[in-house]
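Here is what TrEMBL says about this protein:
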| type | residues | note |
| --- | --- | --- |
| ACT_SITE | Lys106 | active site, proton donor |
| DOMAIN | 16-278 | domain 'Orotidine 5'-phosphate decarboxylase' |
Amino acid sequence: MSVNALVSKIREKNNPTVAGLDARLEYIPDHITEKYVAEYGKTLKAAAASMMEFNKGLIDALCDIVPAIKPQAAYYELLGPEGAIVLRDTIAYAHEKGMYVIADIKRNDIGATATAYAQAYLGRSEVCGESLPVYDSDSCTVNAYLGTDGINPFLTECKNRDKGIYVLVKTSNKSSGEFQNRLMGDQPLYVRMAEKVAEWGEDLMTECGYSQVGAVVGATYPEEQKIIRKIIPHSYFLVPGYGAQGATAKDIANAFNDDGLGAIVNSSRGIMCAWKKCDLDYQEAARQEAIRMRDDIVSAIR
Ligand SMILES: O=C(O)c1cc(=O)[nH]c(=O)n1[C@@H]1O[C@H](COP(=O)(O)O)[C@@H](O)[C@H]1O
């Protein structure tokens, strides 16, 4: 699924947000975990089965109002091989329900190894002449610190399979300025990175006017958002940091273009843990929070 399909879903649902699925056991209601611990004991298998049920429940509750999910790979890795299966099956289930999937992997390496990452998450695994899907997400987050030869394998998969990447440009965390805001010549590193995103995305433009090469730009840095938006008007922004990290709707307005498109705002804990702050069950609580977030973001960009 390309950025073009993402834009259609955002338009159709009038909702430029993505639900983050960070697979932490503490985010799951006890009644789900207890059921699987009774069956499998206190094991990674029980944790993974709990996570799968929780993710499916969230996807069921959100798929008609939220266009996309963003599973964060680290949390699935923490559950070992069982976690890898949950990640794969979560992506497949979201696709069944018509959602666009951003695999948040923030990977890269030398070209040869980056090729394996790109094939695993966007492409296929070649086994004795058979071409087999692995995680098969629509897009993934990429760290471009290794430069163009680490990005090229991802661009190849984007071209061949109509998929996308989001390159870390200005991250939402407190220390992001330590390197990203340092001057490189006369410009900060994040500006240089945004210029590279424009270059990498040139040959991957789609019908909707956006490139398959997007950028990660934190909600917590509205001034940088404005600068980056001007450099890469044709790249989609993945904007994390809303909610649990303290950014509000007014902080994300600069990430959008005048047409109200160009960015998708993530919330993970805000949606997954909404049930902890009210008397609703986790599905209804997540849905209510997703609707509140949608209305909050839509009114801020209007
Ligand atoms: O690429 C990301 O999604 C990402 C980039 C970034 O700059 N900051 C950031 O928080 N993220 C991810 O976005 C999610 C934010 O989670 P919440 O703070 O719970 O909404 C986590 O999965 C982070 O790993």
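Positions of Cβ are set from backbone N, Cα and C atoms, glycine also.
Mean pLDDT across the domain 'Orotidine 5'-phosphate decarboxylase' (16-278) comes to 97 in this model. Residue environment of Lys106 (active site, proton donor) contains 17 other Cβ atoms, counted within 10 Å of its Cβ in all protein chains. DSSP assigns Lys106 (active site, proton donor) to a strand.
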